[in-house]
Every structure is written in C-alpha cells, then in structure tokens.
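A.B. asks: Starting off with a structure, shown below.
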C-alpha cells in the first residue's frame, strides 16, 4: 500500500521533482565554479566601462589554444624570418601588414620574444621600501570569511598558485603583503596581520596547487609574506605658496593634430605669458597646421615648433616617443622652466594662468599624474599591458601575450601629465647602467597607450616615488556608453575609448572644478560646440561686450592650395574647382586658382563652406574672391505616415562619429571612394500615453543607373527621447558618380526618399586626370555590390529602372566616365550646381569691375575679423 501511494505521488508530482533536481544540480555547478574565480576586486569601485577594452583574463587566455597553427612561408612574407613564428596573433598581424618593412619589424620582435631575449624577466625597484623584504614569511594566521586579513585583492588558481607567484602578483599590484590560503587562493593587502590572529605553523598544512612541495595555508588559515615594498601613499599637493616661494616657469608642450588653427590660437591666448615656454609638436601628416603655426616663431621668442615630427596614431607607441623627444628638446634649449605640461588642441583652461602658477609654485619638484583608481590586475587586462604591440604602417599590431617583469609595481591612468624638470631629465637621459629605466623604456615602446602608464610606473619604482601626486590637473568629460565604441579598430588591434566633447549641458562639471586643484578640461571642439567655450571664457575672464566682432562664428580649414596634395584632397579639389567655376561664371569672371576651402559655423549651426579663389576680369586684372556654398540633399518624407513625421536630419554622409553622434563630413563631399552611410534622428513620441511601436524597414541604395546596389534592414524602436541612428553601406569602390537615391520603405509604402550626389573626380593622386584609362577606373563606376545570384524581392522592382533603361544609362555612364579636361569639368559642374547652392560672395580688395562687398566686412567670410582667435593681439 505504501509503495502504491509513493508511486502515485511520484507519478503525480514527477514534473516538480525533476525541476527540483535540476535546480539542485545548477546550484552545485555554480558552487563549484565559484571556486574557480580567476580574480576579483574588493570593493575598489572599478567601472568596467572606464578602460580601453575588455579582453579575457590572462589565465583564461593561456588555456585557449588555436585549433590549428598557420605556418607562414618566405614567399608569403617576402623574406625569411629568423624563426618559425608560433604566436597566433603575430601570424595574424603578419598576414595583414601591407609593407615588407612592417612585416620584417613584426617578425624580428616576435622571434626575439619567442627566444626569451626581448623583455627583462625581473627588475628591481629603487623606491625606498623601509623595513620590508620580499618573500619574508610572517607566519600562519587565522582568517575569517567576513573579515579578511588581506582585503585588497583576491585571486584563485587551480594550477599555478604558490607563495612566490602570489608575492609577485601582489607586488605588481602595489600591496606590501601577500597571503596564500586553501591551496589555490592568493590574497593581497596593505596592512600587516594582527598578532592576535597568529596560529601555529602546523595550522597551515595545505599543499600549493602550483607546487606540491610548498604550503599554501589551510582552511581559513593563511601563510602571509612581505612583498618587499612599503605601502604607497601619493603626496598631497599644497594649494597656496608661501610669500617667499619662487614663482615657477612652465613649459607648455602642445601636441597638435587636425586643422583647428583658430582653436589653437585661442588656446595660446588663454595660456600666454612672456615668462613661460610654448613648445609645439604638430603631427607629421598635418602640413597646413604646421605651416601656419610656424609663422608664430618670428613673432614670439618663447614659441617654438618641433622640427623632428612624428605621425602619432591613437594608442600608438609613437606618442611616448614623441613626448620624450620633445621633453629632451626642451631640456637642451636655453629656456628656463620648472614644469612641463602636455596639452592638445582639445584642452582649455578652467582657471587662470596665475592660479596655475601659484599652485605649481607651492609644489616644486612634484609630479602630477592621474592613477587608474581601480584594481591593478583588472587595469592591466583592460589596458592590454599584458600584450605586446608593434607600431608600423600607422597601425598598432597586437602580436601576442607577454608576462610583465617581476619585481615592480605597475601603475597607469591618464597620459595628460605635469612633470617636474628633475624627473623629465631622468626619463629622457637614462644611464646605461640604469637597468630599470632601460627595461621600462623597451617595455613601453611595445605597449598600447604607453604614455598612460610609462610615467606612472617609472615614478612608482624609482627614487622619484616620493614626488608622485595623484592628480593630472585635468577634468575629462567621460561618457562611457558613447565614448567606448571601438572607434579606433582601423588603427589598432584593440577596442578604445575617448572622452566626449563638452557641451552646455555639461556645464555643471566645469563649474565643479572651481574649488578643486583642477586647471584644464577636455575635450573641446568648436566645430562640434563653441557655446560652451564662450561660456567658459566669460566665467574666467568676464563677459564679452555686445560689440565684439563675430563672437559666435567659427571657421576651420578644409583644404589649402599650399598643402602637400595627395589622394585625400582629390574630392575636395574636384568640388572646390567646380564651385569656383560656377561662382566666377556668375560674376562674369574667368577662374584662375582655388586657394582655400573653409567650414563656417555660426551659433553652432553649419552654414556651409567657403570657397576662396583667384579670378580674372575682362580687363585682365587678377581678383581675389570668396563664396559661401551650402550643400544640399533633396529629400522627401511621406506626409501621412506618423513615422515619417518624426524623422529629422535624414541625410547621407561619411565619417559618422558615434561618440558625438554626428557625421563629420559637414560639407557632404561624396565621391567614388567614399564609404557611405545614412543617418537620421527619430524624434520621441509626443504622445507619452500612446502604445510603443517598432518598425521593420528597408533602406534601398539605388545608383544613377537605376540599379539596386545595396540594402539595409532596419529595426527601429520607439523611444521616450530623440534617438540618432545610422546605417552603413557595403558598396564596392569606385561608386558610380551621379545622382543616387536612398529610399526608406516599409512593406507597402515609402517613408522617406533622399537624392544625393556622388561627384566625379577631376584629380587622381593629387594630379589632374590626364588619361582616359585613369578616368574610367575612377568615374565609370560599373561595378555592382550585390551578388549575381541575389533574388530581388518583387515589391522592390517598382523602385528601380527596367533592364532596357539600365542598359541605356550604362552606356551613357561609360562614355562620361572616360571624359577629360573641359568635358569632364562641364559634367561635374552640371551635377555640383544641383547640390551646392551659391549663397553669397565677397571680394578681398575693392574693384570697380565687381559690385561685391569687401570680405573684411562680410561677417561670414574667413577674412572677417575674429578677435577671439587673434593671437597677434598678444603683441599689442
């Protein structure tokens, strides 16, 4: 009877028993896995989004092996490497590197690492350690689950734990004490264990999983060792100097890139004083900025430009090389200075120069760097410090894992620093017998973002450790969700983060610096937002007068005829020349030479680009003119669709900045080599009580021949706030020149349509097109991106031309694609005239032959007064 009842119960509740059994099994599995934690912090407040990337932990990486190794041949590489390269990442880098020199460089380093003769395995810190001695055992101590003896850091390893390895790990992380427990566990801490917790040595009796001949604590029993370093405490900076304190002089090291000349002038105006030094490094590729800033040397005896220039890429080792070279140049100069502060064109002061000088004068000999503020082991992994990187071909190649040298503390954070002259002299002139500094220089020359860790690590491990102040004098506008989009994958084998530009809505962050020892903020870009800069300047220096000329205007060069021309200028010159011809024709002039293209913004609204050129009138006299041009794209939105009514800024462009949520091709210059994308803003649903909708849409990319070249499937969700979206194409280059159409369609309707121009090119690699074969290769554009076997949905056919129409247009496109000279110019002018509106013109010098205003009187002109960026005002 009992068996019968039991059977009935089991039968009736079988499903519940099975679920209960499954839950128990899952709990047991999770309990087992919890013992295998690789490493964890102890409430350090670490924010995973703050670091440049999220690679797997090093122990996990060591266990992952590629399924099969690819062997590279000398024929593939173009040379015979000195070893059979084994590292999977090195092989990948060699396969992707474009030049033989780069491949040889990668192979040389990979072989040296493989042979164990590249990195120093052990280094010795010279920072005073007090009475601490590495690997000295303090004994066995009783631990508690809720009150850990060493609560700084914890890791667990089933295969490699030992006292020596735990000591090495804790020392690297900056902890004076290391403890092993339960065979597999390693703990780190700042404070010595209390004597009351001492246990007999026999209580620690568990063998180490990494070395069975050694003991690694026991059950809540911990063997504790000294790591050989003292507890590190950053110096507290003084805030005000004494009356007898000598005022310091500062060397401002400006490391510049891009074409924001007026913003650089504005920064110099805010920082300038005759007693300080301004040393400027301009990226080797930025010919325009270097040429324009070179003019300052003859006007200001304390402004100099570096003659030895580097091409610095995001995360590149060349950045550290450049900084050290510039610092060495400053040391070798005749200038007297006490501190060097590195800044970029994106920095701006949040306090006056006098306040900065007062602060540094109160802290002579100290070094200001900002630490990562999180657990060191996680910082190492997130920063990629446990990887080897090689820079060549303007790319940072990851070529494999590495073990950092034992015996030193690893530190890092921001690469914006304020360093004292003695420390700068130390790092730029390493003695041959200084093994520590020599090894660190070699280590960080093959490190991602080296300037973010080099100065910190050198400070922590040398006699200069007592000068370390955990403050780099900067406030940075981090918005992790926007700034960490892997936007640098094209130049580095890693995911990177960048801070956002300050905007007026970020003003409270800037105001909050008033009572803090913060003197600079970043980033600022007037091409994105100038209003916040004006607000900051008025906060520091008082309000501008109402008569101040062109206060809300901003100009930034796009092209200049004196630049070293390359293929990067072909499109701008082709369109610029066309606008010049159209403008000159309108004024009944003969065009001579395109001089400059300049972006113009007013109150942070893009007003078009300015075309400055020379022309000749009927009398033969040369004239100098400028025309404002407004790019247009011809869009239509469905009138009756609720979705269409909420679409804004529906446009095709290139260079979409996910961080700032904007396409940086402001002039809408699109050509056969452009990587197209469509961006749009979907406004929030005005009816907050309405049901939320989602939309499944298709974006069709239709070329001038009426062919479908690509399509994107879009899934759009309603949102309570405005949302900016973008969608990229996968078109094959060269793209067919002419008038393209982007159509956003649903199942039965068209929501939006946009016609935009792909301009033909009149230049090839910096020179006017002279061969029909070159012209055809660039401008015929007969390739189709979609595969031949692609089955076109029937409902899409209505949006395309028929086969006969496509054939006719193809023949016309082929004929136009071979055009040269005047024929080519006429074709380009006919297209440019439809998509670029000539708004207004001016003349540089008055002339009776043209009835145009003077450019100096036209507030939009690049030649109009701009006193906020007039660096010559410093001479008055």
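Even glycines carry a Cβ here, placed using N, Cα and C.
What you are looking at is a predicted structure, and each value in this text was computed from that prediction instead of being measured.
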A.B. asks: Given that Swiss-Prot lists 283, 312, 313, 314, 415, 416, 522, 523 as binding UDP-alpha-D-xylose, which residue among 498, 546, 557 does it place in the same site?
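C.D. replies: Looking through 498, 546, 557, the residue Swiss-Prot assigns to the UDP-alpha-D-xylose site is 498.
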A.B. asks: Tell me which range among 48-67, 68-87, 88-107 Swiss-Prot lists as region 'Disordered'.
C.D. replies: 48-67
A.B. asks: Do you know which of 15-35, 120-140 Swiss-Prot annotates as transmembrane segment?
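C.D. replies: Checked against Swiss-Prot: transmembrane segment maps to 15-35.
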A.B. asks: Can you figure out which of 83, 313, 855 (the recorded positions) comes closest in space to residue 342 (N-linked glycosylation site), comparing Cα atoms?
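C.D. replies: Smallest Cα separation from residue 342 (N-linked glycosylation site) among 83, 313, 855: 313.
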A.B. asks: A 10 Å Cβ contact count, applied to the disulfide-bonded residues 83, 111, 842: which residue has the minimum?
C.D. replies: 83
A.B. asks: Using all protein chains in view, find how many other C-beta atoms are within 10 Å of the C-beta of residue 127 (disulfide bond).
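C.D. replies: Other Cβ atoms within 10 Å of residue 127 (disulfide bond): 18.
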A.B. asks: For the disulfide-bonded residues listed here (465, 486, 495), tell me which residue's CB has the most neighbouring CB atoms inside 10 Å.
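C.D. replies: Highest number of other Cβ atoms within 10 Å: 465.
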A.B. asks: Hey, of 83, 111, 484, 696, 725, 842, which of those recorded positions are within 10 Å of residue 498 (UDP-alpha-D-xylose binding site), Cα to Cα?
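C.D. replies: Correct set: 484.
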A.B. asks: Near residue 855 (disulfide bond), how many other Cβ atoms are within 10 Å of its Cβ?
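C.D. replies: 21, counting other Cβ atoms within 10 Å of residue 855 (disulfide bond).
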A.B. asks: Averaged over the topological domain 'Lumenal' (36-876), what pLDDT does the prediction give?
C.D. replies: 91
